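Participant: I have a structure here, written as structure tokens, and I will follow up with some questions on it.
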């Protein structure tokens, strides 16, 4: 089976499949009963091509706009003010500029118009906003703003109602043909036997079709609602905004023109706007224009476009245009209709459905031919071949209906849809377990993961940081007890420098919130430093206002440090830098001693400071070094901040405890055959201490530093990588290299965690990219497949468990469905060939189809995961989906069921002494009943493919119990009360007992099969 599928159905990858591969399998996928349903959860390629064309147009528009604005800039000084008139409704709402004018300024990069309106300050005034305090949150003024400028949401495709799904379920070609058969049967039957007797067969088929349609539509509708909920979660993005003078977190969908937004590295620009203030802002516009070259944004080029990403720097922007008035809004409206890529399993099972469907179609045609040949032979024998009655026409119609129904049963349309059902169920449950799946394929890929490369900070640790040790002016102190003692031990000059460094060289901020309380904003590291400085008696606002920021170089994980240049109140320039302690210390040549004097950094001092760094790191503390340097006045903001010649102020140790439960989760992953590696930017001693505490670093494992890893040759890496358990001081490129080698050289299925902008390449390269929901930037989240909402490693282990559950649930369902396929096909075909009639009628086959298709998928594809799943080895990259174990179970169970049905067909009449005109009807009812109960008990056996105990945890899955109960109750109703419609006859107690017993016997048979090694 796998080799037959390889050519056309295996080119689709879990990530980054080409449009050609996606297009190819659709074309090869023949014999689709209902394309609308089969291809519902696949990518809409035409919409993707439309989005690509829009990006190209945007790129061209921007290129022209930039050229025009550059040309216009030279003539701005001599141009008269524009003749722009403010529309009346805008004026009456209290604004002096309309949405279209704002849109044309930013989207058109129109510096000329911007100048006419008084620059950024002028536009702020016309928008009735303040650059410092933001919008006034008075509800009336906000409502007026919404009426004039719109909201920051893009048009989404309408939620489809239940009746749309009913209509789509009716598009099934075989159901349509059966509907025509039912209609003809009604007309001929009523003409022959009158109403109501002649209508029974036709109405039976109609009722079966309606039942199939309603159950199918209900299942599909519930799935669509689950995906809708998940889409809402995916789109939740918050941003820092100033309103009423207060910094606050807000959803990007609540933004309005005039809002003041704070952007930093990794943020997505939430609306079109204008740069107000900031440093070193580099914007990546590739998502909007396809242009890979980043754009520098400053007061000279102040235009920020919605949907672009902040690659470097930080800034304040004023929102000007929102929602569908932006190019991003229009692009997203198109992209949201393009859908998710189909998963490899969906494609593979489409291949299986196509293959089995072709076999089924062949058997269907042969069955129809054999049945007709039997009828014609009988007519020839009786000499009535020239006279055809209405009864003959009804018989022909019944033959045709049986042939069509064989196709209904033989084409396992439910296989690819079961994947979607299982994934939708798992994604909903994973959401409750704090994991948001962005791409469907990640669910199934995670089940095959063999390696996890995890960050340390925030994933293995709590990310609640406190500064507990310091070495300032060469004195090591424990500051967790009291900061006041520390102040008395440090010279005043050093305290002032320390406060100046912490308060100015930071990405964080100390603000007063709505309740009037002091609040610290920023990363946990920045927060810990700011808390420390405030405890020393520092005043954040006073310190910030005392000096002027000339240049800011934000922290990034390549340089592992950040710096600022300050213009001091007494004149002169000073640089402050902080970062990875050994890196910053290596750039220092002086140090402040315990007397507050600046002295050269001699060997003894270097050894003392390095020993302090090692001591702090061995205690699992994050270490940072703070340093400064006086600069010549000639320094220009265009120049980079110097990298050497600093004076060391001190070293601090920040505690970030290991998360509870991480050690146990790492042990669970190891037991499941998943290797856990720590990849961190932290000091190697800190990393080793935490890794040992988590159970990641063992005696036979290696801890290596990024710079050393980079120096290794290809051959050395092949030998080294399997032993690496910790990589410290790693750059994003090191992480990317490690992941690439694990995937290509060692053929591992790799999951990688990341939170920063620079982690995006590794997240993109990995089989499963896991972004952090709390600490992660928008760029990281967009590159990821799963977002870990609580940033906890334990959640990653839960995702792996759910991934395995999805994979195995689908395998269970495939095993169950293919068994029903094989038996239903062979029974009807052989019976038609040997006896000239089919024991299972069209109505009965439709019921069987529903048991194995929609109801079977509901029961088996929604089994919750068990802890046992994490005691098995991972499937890895090479595992066959339809395994030898499955083939053993399918063929063994099919053989048993086929033999039982054949025995009943051959000896059933004799066993129960059936004679008279109704004997065939009772026998066929008995066969139908036995067949259905074989499926009921086979469904229970399919809960475990290798374990003999299939009842473990059965009552925990209420869906499974509900489906089985409904199947049995409805089967009783069909046999006992719907005989005229379903061609059945009520059975005696002994016949019922035999039917159930025959089905039950399938369970010991299944248990026996599981003992056969494969």
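Cβ atoms here come from the backbone N, Cα and C positions, even for glycine.
Note that TrEMBL annotation is computational and uncurated.
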Participant: Of 173-192, 233-252, 253-272, which range does TrEMBL call transmembrane segment?
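Facilitator: Matching range for transmembrane segment: 173-192.
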Participant: When you get a sec, could you say which of 117-147, 303-333, 396-426, 427-457 is annotated transmembrane segment by TrEMBL?
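Facilitator: Range annotated as transmembrane segment by TrEMBL: 396-426.
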Participant: Can you name the far-off residues of the same chain, 6+ from the ends of the transmembrane segment (198-218), with a Cβ under 8 Å from a Cβ of it?
Facilitator: 37, 162, 165-166, 168-170, 175, 178-179, 181-186, 188-192, 394, 398, 401, 842-843, 846-847, 849-850, 853-855, 978, 980-983
Participant: Take the transmembrane segment (895-915) and find every residue of the same chain, 6 or more past its ends, with a Cβ under 8 Å from one of its Cβ atoms.
Facilitator: 819, 823, 826-827, 830-831, 835, 839, 922-923, 926-927, 930-931, 934, 938, 988, 990-991, 998, 1001-1002, 1005
Participant: Using DSSP, how many residues of the domain 'P-type ATPase A' (237-333) fall into helix, strand and coil, respectively?
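Facilitator: For that range the per-state counts are 17 helix, 48 strand, 32 coil.
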Participant: Would you mind splitting the domain 'Cation-transporting P-type ATPase N-terminal' (117-185) into helix, strand and coil residue counts from DSSP?
Facilitator: 40 helix, 3 strand, 26 coil
